Every structure is written in C-alpha cells, then in structure tokens.
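Undergrad: Sharing a structure here in structure tokens format.
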Amino acid sequence: MTFSFHKMHGLGNDFIVLDARKNPIQMNPALAQALSNRHTGIGCDQLIIIGNGKNQADVSMEIWNADGSEVEACGNATRCVPVFLGRDVIISTAAGLLDARLSDEGACVDMGRPRLSWDEIPLAYAMDTLSMPVAWEDLKEPTAVNMGNPHVVFVVDDVDAVDFGRLGNMIEHDQLFPERINVNIVMVTGKDHLKMRTWERGAGLTRACGTGACATFVAAKRRRLVSGKTQIDLPGGRLVLDENSEGHIIMRGPATYVFKGEADWASFS
C-alpha cells in the first residue's frame, strides 16, 4: 500500500511530514527508524505526523526522532506546520498547545513559558539550574531550561572549537538526565546577537534546533548576556527570539517545503 510524504526543513533541520488527517497513521519506533534512515529509507532528522485537532486545537502533531524515540516538542517542526497547511494554526503537541502563524520570515510560533526548576527539566536530583555545578571536560556550569523538551546550555568562547560530536553524545546520556538531554553551546557575537550549535537528543548534530534556540535565548537572558529581541545564528541560518509580556518565548524564522513523494509501507516493514 502506497502513501504520500512531504519533505520540509527549518534551517536545514529536515523532516518527513505525514498528513494523517484523513487516514490515521499508527507510528512505532521501528517504523520511525526505518523511514528516517538516510541510507535505506526516506531520510530525515525528525518525522512529523499531522493529525486532526481536538477542542481548541486545529491540528495535532506527533514528532519522532530518527532513533525511533517520540519527543514532546520541536520548534523547527512547529514552524513547518502553518507553512505546510498555508494558514495560522493552533497545534496540539505532547508539550501542550502552540500558536503557529505565517509571517514574513516564514512562521512565528509562541513556544510558551520556559520551565526552570530542576524537577521540571528534569534532573536526577535538586540543584540550581542557572549555573549547574557540573562539568564535562571544558564544558562547565550549564544553564538548564525545559522548552517542552529538556535542554542544557553552555556558554563558550568559540562554538567551532568544541569537540561537540563527542561531548554532546556524552552529555546527552549522562545519568544526571533521566530523560536524556538536548545539548547547546553558545557564544556572544554582539549586542543581542548569539551564535550557537545543538546536539539534539535522539538525532545528534543538527543544522538547527528551534527549541534549542529558545532555551539558549532563555539561558542568555537569565545570565544577562542579552536584554531583548535577539538574533541567533545556527549552522543552518538565523532565528529571531523574543519574550512577550506574558513571559512566553516567541520564535520567528523560515520553514521550507521541498518536495512531495510516494512510497510503499511494505518497504519499511
């Protein structure tokens, strides 16, 4: 039996998009891995399933990592939804409702309020999340933020000088993080201007991470490295972050439709 899929990306963070509004899709870890495999499948960082919404939500969104794990939130994926549908939408996710609107940049998303207490990240035990008293070699004293999924943010002198593939993997799987962790490194490049990289939980090094950019903005504000609307440069391009009067994090950036294809479910069983 064949099915249609769509490829999209947000700053190079690429997705398989499956529209399940008319025909529901029962995803599982093995199938998500098979579809996401860049050598034997379609290939992506994450798999997005758009379904019907309930109550306040126009649509629902499931997000599956390339390793087969399901995750609560993905900022770049969220920006893709209004672009895919061609309209503003309220999206139901495992992290709650998200307001995603079309904008001149591509899409603008209200990512909600950050969660900052140790048990909301979550961490394995209580500690200050502003400057955590831990270190992994030269990466020291990160700030922890939950933006629908868990992040740590390290401030460094040069994001390109860090052996990030090795250290990111090490930190992701540390016992301090019972649900594993997304790892971000950031440097200040100017007034309200940052440069960052992300090791994404379940996906590895990615060209962009929307929730990572949100978490990095929150960490930078908490550390008084930025004061207002901030431009953040990632390997795949630029996002603009701000905080509204209600303490919600607002993310603006591009989302790009690439192509539509067809495949046979039997190829991935």
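Using N, Cα and C of the backbone, Cβ positions are placed for all residues, glycine too.
Copied straight from Swiss-Prot:
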type	residues	note
ACT_SITE	CYS74	active site, proton donor
ACT_SITE	CYS209	active site, proton acceptor
BINDING	ASN13, GLN46, ASN65, GLY75, ASN76, ASN149, ASN182, GLU200, ARG201, GLY210, THR211	substrate binding site
Undergrad: Tell me which residues of the chain lie with their Cβ under 8 angstroms from that of ASN65 (substrate binding site), as long as they are six or more apart in sequence?
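TA: Spatial neighbours, sequence-distant, of ASN65 (substrate binding site): ALA32, SER36, ASP45, GLN46, LEU47, VAL71, GLU200, ARG201, GLY202, ALA203.
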Undergrad: Please report the number of other Cβ atoms within 10 Å of the Cβ of ASN13 (substrate binding site).
TA: 30
Undergrad: Can you list the residues of the same chain, besides ASN13, GLN46, ASN65, GLY75, ASN76, ASN149, ASN182, GLU200, ARG201, GLY210, THR211, whose Cβ falls within 8 Å of the substrate site's Cβ centroid?
TA: ASP45, ILE63, VAL71, ALA73, CYS74, ALA77, THR198, ALA203, THR206, CYS209, GLY212
Undergrad: Let me know how many other Cβ atoms fall within 10 Å of the Cβ of ASN182 (substrate binding site).
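TA: Taking all protein chains shown, ASN182 (substrate binding site) has 28 Cβ neighbours within 10 Å.
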Undergrad: Looking only at ASN13, GLN46, ASN65, GLY75, ASN76, ASN149, ASN182, GLU200, ARG201, GLY210, THR211, which the record lists for substrate, tell me the maximum pairwise CA distance in angstrom.
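TA: Between the outermost Cα atoms of ASN13, GLN46, ASN65, GLY75, ASN76, ASN149, ASN182, GLU200, ARG201, GLY210, THR211, the distance is 17 Å.
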Undergrad: Would you mind pulling the DSSP three-state label for ASN13 (substrate binding site)?
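TA: Assignment for ASN13 (substrate binding site) reads strand.
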Undergrad: Could you state the CA-to-CA distance between ASN182 (substrate binding site) and CYS74 (active site, proton donor) to the nearest Å?
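TA: Their Cα atoms are separated by 11 Å.
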Undergrad: Any idea which of the binding-site residues ASN76, THR211 has the thinnest Cβ neighbourhood at 10 Å?
TA: THR211
Undergrad: Tell me which residues of the chain lie with their Cβ under 8 angstroms from that of the residue listed as 'active site, proton donor', as long as they are six or more apart in sequence?
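TA: For the residue listed as 'active site, proton donor', the qualifying residues are GLN46, ILE48, ILE63, ASN149, CYS209, GLY210, THR211.
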Undergrad: By the DSSP assignment reduced to helix, strand and coil, which category contains the residue listed as 'active site, proton acceptor'?
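TA: Looking at the DSSP assignment, the residue listed as 'active site, proton acceptor' belongs to neither helix nor strand, so coil.
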Undergrad: Around ARG201 (substrate binding site), how many other C-beta atoms are within 10 angstroms of its C-beta?
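TA: A count of 24.
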